[in-house]
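*Asks:* Relevant sequence annotations retrieved from TrEMBL are reproduced here:
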{"type": "ACT_SITE", "residues": "Tyr53", "note": "active site, proton donor"}
{"type": "BINDING", "residues": "His109", "note": "substrate binding site"}
{"type": "COMPBIAS", "residues": "280-296", "note": "compositional bias 'Basic residues'"}
{"type": "DOMAIN", "residues": "21-261", "note": "domain 'NADP-dependent oxidoreductase'"}
{"type": "REGION", "residues": "262-296", "note": "region 'Disordered'"}
{"type": "SITE", "residues": "Lys78", "note": "site 'Lowers pKa of active site Tyr'"}
Amino acid sequence: MSPCTVPQVRFHNGVDIPQLGLGVAAIPENDAETVVRQAIDAGYRHIDTATRYGNERGVGLGISGSGVPREEVFITTKLWVEDFRDVARAFTRSLEALGTDYVDLFLIHWPAPDHGQYVTAWQQVVQLYLSGAIRAIGVSNFEPEHVHAIVDETGVLPVVNQVELHPYFQQRELRQFNAEREIVTEAWSPLAQGIGTEEGSPLTALAAKHNKTTAQLILRWHIELGHVVIPKTCSPHRLTENLQIFDFSLSPEDFDVFTQLDSPEGRLGTHPNEGFSAHHSARSRWHRDKPTRRAA
């Protein structure tokens, strides 16, 4: 499949990102090379990894072994909390693992406000961007107060905020905050880990109307809202299936179905202001209760 099938979203610094990519969180290092190569063969040109995932080397090998020129593949990686004190060193490690001399997008993975270091980390990220080794810089899991803090200190807006976002946790206020600042919203866990795909669910019925899978329906919803999405899969079949979402569209009535699914209790992961150990408790609770300078 041609990579031009996937539309591009333009960041406020002029860099384009494919709107659909492959997320590789929790894919083991030994499997990442194969999965990434299969994804590129299927037509993907956007791979999202992170130091925290422990698979940057596999991702790099998958890209270099694909036969596709490096400049045609958009690579995102992320800075973890433990590396906030020396961002340049962590970034160099990521470059070495990925086997490249630049990345397209570099994100602060988590604000970890209790550590009190994300603002100084952002200052270092900005300096790396200005050095030319990164095409665009952004954040992940940042609430508005975190964005305000880094912009107040540096005057530099992130191009993207990658957050948990799916039909059951739609983050409307945060998306509006991002949009007002021309910050692209990128969705991790865009498919809500498969929740709501059981027979008879509202989304399953709606997907059947479009002759699509529930996953394809949800990804289409994200695309029409303008989100960048990075669904994870190790299945060659689903890699291809997830790309087959550009031949149909949703009606206003379809969007109404999605609107009714949103819940403040829909978060599956940890709140950005909570400790990392809170992830499982947060997920269990939901199952139970069901004008600033830009980086230019």
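Quick reminder: no glycine exception, Cβ is built from N, Cα and C everywhere.
Unlike curated entries, TrEMBL annotations are predicted automatically.
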*Asks:* For His109 (substrate binding site), list the number of other Cβ atoms lying within 10 Å of its Cβ atom.
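*Replies:* Excluding its own Cβ, His109 (substrate binding site) sees 19 Cβ atoms within 10 Å.
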*Asks:* Cα of Lys78 (site 'Lowers pKa of active site Tyr') to Cα of His109 (substrate binding site): how many Å, rounded?
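*Replies:* One finds 5 Å between the Cα atoms of these residues.
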*Asks:* Return only the integer: C-alpha distance in Å from Tyr53 (active site, proton donor) to His109 (substrate binding site).
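*Replies:* Cα-Cα distance, Tyr53 (active site, proton donor) to His109 (substrate binding site): 11 Å.
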*Asks:* Quick one: of Tyr53, Lys78, which of the recorded positions has the smallest count of other CB atoms within 10 A?
*Replies:* Tyr53
